[in-house]
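Participant: Quick one: the structure is below, questions incoming.
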């Protein structure tokens with residue numbers, strides 16, 4: 001029956017029907033026959049239905065626990081969701097049969113992804129000893145040769161793979177699949193086209209080609225191919241996901257400027273779309289000039305308000321919750337602020353980071369290791385804004401001085417299957433420090449020369465040796481460099497972790513700290529316990545000691561935040577402001593800090609500082625009215641019409657509580673800047689909301705006078721040039737009139753309160769930002 005099922009699959013039968021009517025029936029009739037479970041699991045695996053595949057393999061495991069095919073299948077099923085479990089099953093498969101070819105191929109693939117090319121070749125040699133004609137091994141050898149820029153060996157290896165089946169589409173499909181994993185999307189697409197030339201109905205190649213083209217920016221063909229696969233195979237999870245997403249993306253707004261095409265949610269485009277384009281233009285000017293890159297292709301940027309949509313567009317499947325953005329070369333995908341919920345991130349930093357990938361990938365023709373691509377992007381974040389990027393922390397200090405530091409010559413391995421999210425974050429940090437080290441020691445010209453050599457096909461370690469130093473010396477010099485940085489962080493403090501007791505109250509910590517007065521981690525716990533108990537005065541001592549140890553540390557459990565809380569509790573607003581300003585200068589996504597500063601600066605009438613606060617909030621979450629209101633208010637007080645107009649015009653698109661007032665204020669400012677047509681439009685919109693609004697009538701009258709003279713302090717409409725709301729004597733009748741004239745299509749006048757949902761549907765809060773995993777490399 002298994003042969004019958006595979007035959008029907010080959011001739012195009014419905015895979016779901018085969019699964020139910022053939023494989024499941026066989027499992028019922030012969031529950032101890034492992035082959036039926038394997039066939040069902042392999043079918044699910046081929047359709048990227050990993051959860052269902054894992055379920056079937058687990059059933060097979062109950063029938064035959066010593067079958068390497070079962071262990072191998074479980075490794076494949078868990079590979080994308082649980083790398084530790086996948087590694088365990090793969091190891092068990094090879095313990096049962098050290099020559100199990102599918103398992104060895106998976107080991108070789110993992111080495112290939114980690115850029116451990118010598119180890120990849122060693123495993124391939126082992127496979128070819130078992131079967132000298134294994135086409136999948138020869139296909140991977142062809143990829144190794146391609147990456148080494150060895151065209152003769154690539155041609156030979158591909159010919160060997162096709163030796164006994166000259167039009168086998170799987171060979172070029174695998175070559176293309178592996179090249180795409182190395183971000184060689186153009187070459188990958190060529191390989192998939194060769195596979196389809198052998199067999200135009202080979203759906204795996206058509207699906208891979210769809211993904212390659214979508215990542216190259218050929219959306220029209222890419223989406224069409226995905227639809228074709230879905231029409232032929234409704235069980236293909238990736239094709240189904242892409243077809244659904246494409247339909248949803250038809251509602252997106254498209255913005256274009258200076259070689260960029262930005263696709264994003266229509267409402268979000270109205271609110272912060274111009275800021276996206278402005279930042280992209282700035283990044284293009286700065287980074288393209290620095291790295292001597294000319295962008296000849298249009299750069300597509302797609303911003304998704306739902307994390308699941310971002311994951312499907314990026315990976316084809318839901319997941320990837322740790323990624324903020326991804327760059328494929330000419331295409332950037334990223335999460336919008338709406339998707340971040342209680343874990344906000346700085347979308348401006350993410351976009352700058354991703355566009356830096358565009359530049360370096362273009363420079364190297366996508367021929368660069370992940371660590372260098374990520375390292376340059378994080379490094380450039382810090383140059384753009386010192387609050388962006390990453391900095392040393394107690395955890396990183398421990399990892400550097402412990403056993404977690406990876407030599408420069410092996411850094412690619414740090415990104416492949418990291419033991420934890422903390423280790424992945426550390427890989428980004430270490431890579432950025434390597435770039436900083438290279439620039440400091442050998443100059444930015446050396447870094448640029450390395451990128452040029454990579455574009456010519458040189459391997460990274462060869463390029464480093466040519467333009468920096470021999471690898472042994474480079475590894476040793478960098479280790480010395482980064483260890484010096486680690487030891488200079490709070491050098492007078494102790495960071496012993498193993499001796500920390502599990503105390504929760506301050507009294508216990510106080511006794512323990514008397515014996516360990518310089519333990520940084522214990523002082524953090526002691527200070528936090530005192531703050532929980534609202535012992536403000538007692539908390540001063542450990543907090544001040546932490547600040548003495550590390551005055552610029554702004555990471556988890558930092559003393560700056562604690563100090564500010566103490567000042568706030570004691571009503572010391574000036575001191576609180578000073579501490580929070582320092583913390584804000586060091587942090588990229590602390591929304592609650594930015595909001596508190598805006599409140600303090602508003603009370604102090606420090607309007608220039610309010611503008612800074614507003615822009616910091618906008619960089620994290622522009623989807624609430626708050627930062628736009630702050631810009632409007634500060635701009636008006638500073639008589640900075642450009643800033644005020646920016647804030648007010650955005651507010652008009654956010655269903656403000658008092659739309660008549662907002663439109664009137666915009667109109668007044670536009671009239672003062674000579675933009676009379678726009679001013680008339682906004683004053684008419686104000687009157688549409690509140691037909692009896694007297695100041696708006698006066699402004700409209702002045703705008704329709706033949707001279708079109710700007711308002712002066714003597715003009716009738718200028719008696720209250722920046723009212724907070726319509727004049728008190730008319731407010732009631734204005735609002736009543738507004739309600740009378742409102743239609744079902746008019747925006748509601750719902751007040752914005754602390755309980756008003758934010759753009760992502762959850763109540764807006766001042767929760768402290770927590771670290772997020774970074775984006776993927778290139």
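Backbone N, Cα and C define each Cβ position, glycine as well.
Residues or ranges marked as compositional bias 'Polar residues' by TrEMBL: 705-718. Look at TrEMBL and you will find 736-745 tagged as compositional bias 'Basic and acidic residues'. If you look up TrEMBL, you'll see 748-778 marked as compositional bias 'Low complexity'. Annotation comment: TrEMBL describes 348-483 as domain 'Peptidase MA-like'. Positions annotated as region 'Disordered' by TrEMBL: 705-778. The repeat 'TPR' annotation in TrEMBL covers 34-67, 68-100.
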Participant: Tally the residues of the repeat 'TPR' (34-67) by DSSP class, grouping H, G and I as helix, E and B as strand, and everything else as coil.
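Facilitator: DSSP classes over the repeat 'TPR' (34-67) add up to 27 helix, 0 strand, 7 coil.
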Participant: Compute the average pLDDT of the predicted model within the repeat 'TPR' (68-100).
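Facilitator: Overall, the repeat 'TPR' (68-100) comes to a mean pLDDT of 93.
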Participant: Helix, strand, coil residue numbers for the repeat 'TPR' (68-100) per DSSP?
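Facilitator: Counts, helix then strand then coil: 25 helix, 0 strand, 8 coil.
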Participant: Using DSSP, tally how many residues of the domain 'Peptidase MA-like' (348-483) sit in helix, strand and coil.
Facilitator: 103 helix, 0 strand, 33 coil
